[in-house]
Amino acid sequence: MRTLWIMAVLLVGVEGSLVQFETLIMKIAGRSGVWYYGSYGCYCGSGGQGRPQDASDRCCFVHDCCYGKVTDCDPKADVYTYSEENGVVVCGGDDPCKKQICECDRVAATCFRDNKDTYDNKYWFFPAKNCQEESEPC
């Protein structure tokens, strides 16, 4: 029951690009981003500090860094366009900022797919107190 409540809290207020990010993770990695990465390691979910715990957590670290480089639009809210060509997601549209958000999400979803074998349940709901080391630069 606690897990269902946490999942509901994670979904409250989610709009725009975050919904699209979830869709891309499902499409590319074949699993739910909210479920598997909504609260994982030191970087997956809200916030982020310390050292990434494994390759899956590093995907989130790189995604956070990518979002940090986006200017002139809101990576968590703005809606972008993409298409699928021969099974490959291609970011599109005329707005370079929104295209950059899409690329951040596409790269992260691909990273999750490529690192499924490193996913370790011990990092699910990982305590923030274990993420106190100095963060590495992006």
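Yeah, the Cβs are placed from backbone N, Cα and C, and that goes for glycine too.
The signal peptide annotation in Swiss-Prot covers 1-16.
Annotation comment: Swiss-Prot describes Cys42-Cys131 (among others) as disulfide bond. On its own chain, Cys131 (disulfide bond) has Gly41, Cys42, Gly48, Gln49, Gly50, Arg51 as residues at least 6 apart in sequence with a Cβ closer than 8 Å to its own Cβ.
Taken from Swiss-Prot, the feature Ca(2+) binding site applies to Tyr43, Gly45, Gly47, Asp64. DSSP classifies Gly45 (Ca(2+) binding site) as coil under the three-state reduction.
Taken from Swiss-Prot, the feature disulfide bond covers Cys44-Cys60 (among others), and the record attributes it to similarity to another entry. Around the Cβ of Cys60 (disulfide bond), the number of neighbouring Cβ atoms within 10 Å comes to 23.
The Cβ of Cys59 (disulfide bond) lies under 8 Å from the Cβ of Tyr37, Cys44, Ala108, Cys111, Phe112, Asn115, each on the same chain and at least six residues away in sequence. According to Swiss-Prot, the feature disulfide bond maps to Cys59-Cys111 (among others), an assignment based on similarity to another entry.
The feature active site is assigned by Swiss-Prot to His63 (among others), with similarity to another entry given as support. In three-state terms derived from DSSP, His63 (active site) belongs to a helical segment.
Annotation comment: Swiss-Prot describes Cys65-Cys138 (among others) as disulfide bond. Note on Cys65 (disulfide bond): other Cβ atoms within 10 Å of its Cβ, all shown chains, come to 15.
In the three-state DSSP scheme, Cys104 (disulfide bond) falls into the helix class. Residues annotated as disulfide bond in Swiss-Prot: Cys66-Cys104 (among others).
Cys97 (disulfide bond) falls within a helix when secondary structure is assigned with DSSP. For Cys73-Cys97 (among others), the entry in Swiss-Prot reads disulfide bond.
Feature annotation from Swiss-Prot assigns disulfide bond to Cys91-Cys102 (among others). Within the same chain, the residues at least 6 positions away from Cys102 (disulfide bond) whose Cβ sits under 8 Å from its Cβ are Gln20, Tyr80, Thr81, Tyr82, Cys91, Gly92, Gly93, listed in sequence order.
Around Asp105 (active site), the same-chain residues at least 6 positions away in sequence with a Cβ under 8 Å from its Cβ are Ser17, Gln20, Phe21, Leu24, His63. Swiss-Prot lists Asp105 (among others) with the feature active site, giving similarity to another entry as the kind of evidence.
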Taking every protein chain shown into account, which of the disulfide-bonded residues Cys42, Cys73, Cys111 has the largest tally of Cβ atoms within 10 Å of its Cβ?
Cys42
Hey, how far is Tyr43 (Ca(2+) binding site) from Cys104 (disulfide bond), Cα to Cα, in Å?
15
Taking the Cβ of Cys66 (disulfide bond) as the centre, how many other Cβ atoms fall within a 10 Å radius?
18
Output the one of Cys44, Cys91, Cys138 that, of all these disulfide-bonded residues, has the highest number of other Cβ atoms within 10 Å of its Cβ.
Cys44
Where does Cys91 (disulfide bond) sit by DSSP, helix, strand or coil?
strand
